[in-house]
């Protein structure tokens, strides 16, 4: 197996650390029989596409949204990954960092979507409580019907006091929170943890979403969207494509002439089911996709960059949801390499050990010895961290381009 060159942004001081790891042993990527039984089968069409590199790709009329530039020297960056890995959040961060950001009109539109995220999560939790024969606290039962009722919201209209009262009460309900903390088989939106802590502010009649509110907002990506940014006198064209299985047939229309591929993985997905398939595991799906993509000839000249994302959520859940329950070959190590410790200087060994374990899982899948893949631990909602990481990503892309010209 080929080695994987990893580049990390130090979250404490911004220093970039580069480390070259030797070939990993086969045991790093092995799984038990019971674990393999849960691995989803990659769609045949995607396997065929990734194994070959046809001369002509037939167009299916996929519409690319955004401001496209036609310059031959543009840097094309493709964001790939399974659903709910954080690709669209990266795009929103790029808008905040390298463009004017979000207008008041757009912020008011996000207000409606944030409301829908909260209500959808509560409906899912109420359904899970019913399936588990768990009741709300007696004083909160009256709010069940309020949440399950069909709701509509407009960008300029305040939320009703009735809905606020119900949401406020249920987000504090201890029995609902217990189901929430144990609901690894739920396709619960990660952002619900964040919005729970801001209910009073969100339901204020004058509420306008903040940058963080927008970054946490979950919107399913359908089709292909494009944003162009001017960075250091270079035009970067970022393509975000839907990660759920139903969207992957559209990926091929972005595969040609890719300068850099950013593959996103939700670290917090090690114990979560897929949004589109309750029997599938998010991390297993990501490993399967990465295996096919990083070894594909489509990207033989592209910089390969891996974002192990949602580190903040991973740190929160690793103590309440054991990794070994979902990945039986996992063993906590006594110490981790310096580059892992640098990423999480305040984290305990359980968190660092988990980070290193999943890093090695992805590292071991790169079977092309000549290909360097660069890895970053990220929290896509952390703007300052993403800014440092993106500086490193730009360096990686430019270095890869220079090597291509030389060889």
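Every residue gets a Cβ built from N, Cα and C, even glycine.
Copied from Swiss-Prot, the annotated features are:
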{"type": "BINDING", "residues": "84, 85, 86, 87, 88, 89, 190, 215, 221, 243, 309, 310, 312, 380", "note": "GTP binding site"}
{"type": "BINDING", "residues": "88, 221", "note": "Mg(2+) binding site"}
{"type": "LIPID", "residues": "2", "note": "N-myristoyl glycine"}
{"type": "REGION", "residues": "213-221", "note": "region 'G2 motif'"}
{"type": "REGION", "residues": "236-245", "note": "region 'G3 motif'"}
{"type": "REGION", "residues": "305-312", "note": "region 'G4 motif'"}
{"type": "REGION", "residues": "378-383", "note": "region 'G5 motif'"}
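The average pLDDT the prediction assigns to the region 'G4 motif' (305-312) is 95. Tertiary neighbourhood of the region 'G2 motif' (213-221): same-chain residues 83-84, 87-89, 92-93, 96, 102, 107, 110, 113-114, 117, 189-191, 194-195, 198, 202, 240-244, 247, 380-381, 383, selected by CB-CB distance under 8 Å and a gap of 6+ residues from either end. Minimal Cβ crowding within 10 Å, among the binding-site residues 88, 221, 309, is found at 221. Across the region 'G5 motif' (378-383), DSSP assigns 1 helix, 0 strand, 5 coil. For the recorded site, residue 190 (GTP binding site), the DSSP three-state label reads coil.
Counted over every protein chain shown, other Cβ atoms within 10 Å are most numerous around 84 among the binding-site residues 84, 190, 312. Note on the region 'G4 motif' (305-312): DSSP counts are 2 helix, 5 strand, 1 coil.
Counting only same-chain residues at least 6 apart in sequence, those with a Cβ under 8 Å from the Cβ of residue 86 (GTP binding site) are 264, 266, 307, 309, 310, 378, 380.
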